[in-house]
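Data block below; observations after.
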Amino acid sequence: MFSEIFSILAPVFVCVAIGYGWSKSGKDFDTGLVTSIVTYFGTPSLVFYALATVELDVSHLWRMGLSALIANVAFVVIGGAVLALLKLPHRAFLQALSWPNVGNVGLPLCLLAFGDEGLALGIAFFTVYVVLQLTVGVAFVSGKFTLMSLLKMPIIPATLLASLFLFTGLEVPKWLFNTTKLIGDLTIPLMLFTLGVSLASLKIRGLKTAFGLSLLRLGMGVGVGLGIVWGMGLTGPAAGVVILQCSLPAAVFSYLFAQLYDQRPQEVAGLVIVSTFMGFASLPVLLWYVL
């Protein structure tokens, strides 16, 4: 079991460490360019080829999407209540508490732990979660929402096109599969490199608050994940994916939005960094449980 867990975690840690070390060495890393490549080309390609070609009952993917919706609502309710008790600003911290790192960390873990089936399930969870956070979540932090922000998300047409092949049983043309797989396979390594670079560049403040909220992020993640698995009767890889995705540390994107809209960015950075290191430390136990 130890060797199996190590074989899952090692690639993730090594890729993050490469990005972290690269940044600390003073070498250039164009985060904006890499993020644009991942957002506009890599992730849509990954979503398309993983969903369109997976040999999996469509009902499992629907249940992953529903699980993501339930998890998001649960995190907002629990996190919002705790922030109110602590008298901390919701617009600064609620997105970080309610947005686990289902992309940079979650997708590689789902792939390495459960193979192609795990990746497809993880992507179904990820897609719903990201659409919610990049629309409703950003609207909450910024105080405004536009329909165009939803229509401009490349992941939406990729998901719709994949659904066409998935629901009709049509075979994906070989050239389209090869192209999207070639581009999509860039996504996970680039996500992990970027996570490492981001962690190296964040400047933190308020460690006491960061530590407490990190415990909340990870603790309620495990609790909500287990509750969803029990309530929906999930088993096997589906159960493992939901627990993993719910239990991850705060997403780096929550810091970027806090910085963009001036919502106590250094304190949110503290939450992201502390929860990431705490979350990474707890991953061996988490993987032992779900495998």
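Cβ atoms are placed via backbone N, Cα and C, with glycine included.
Pulled from TrEMBL, these are the features on record:
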type	residues	note
TRANSMEM	6-22	transmembrane segment
TRANSMEM	34-52	transmembrane segment
TRANSMEM	64-86	transmembrane segment
TRANSMEM	93-114	transmembrane segment
TRANSMEM	120-141	transmembrane segment
TRANSMEM	153-170	transmembrane segment
TRANSMEM	182-202	transmembrane segment
TRANSMEM	214-232	transmembrane segment
TRANSMEM	238-258	transmembrane segment
TRANSMEM	270-290	transmembrane segment
Intrachain residues whose Cβ lies under 8 Å of the transmembrane segment (120-141), provided they are six or more past its termini: 46-47, 50-51, 54, 56, 60-62, 64-65, 67-69, 71-72, 90-91, 94-95, 98-99, 102-103, 106-107, 109-111, 114, 149-150, 153, 155-156, 159, 237-238, 241-242, 244-245, 251, 253, 257-258, 261, 263
Two-stretch contact, the transmembrane segment (6-22) and the transmembrane segment (214-232), at least three Cβ pairs under 8 Å: no
Leading contact stretch, 93-114, 182-202, 238-258 vs the transmembrane segment (34-52) - CB distance under 8 Å: 182-202
The transmembrane segment (93-114) versus listed stretches 153-170, 182-202, 214-232, 238-258: most Cβ pairs under 8 Å: 238-258
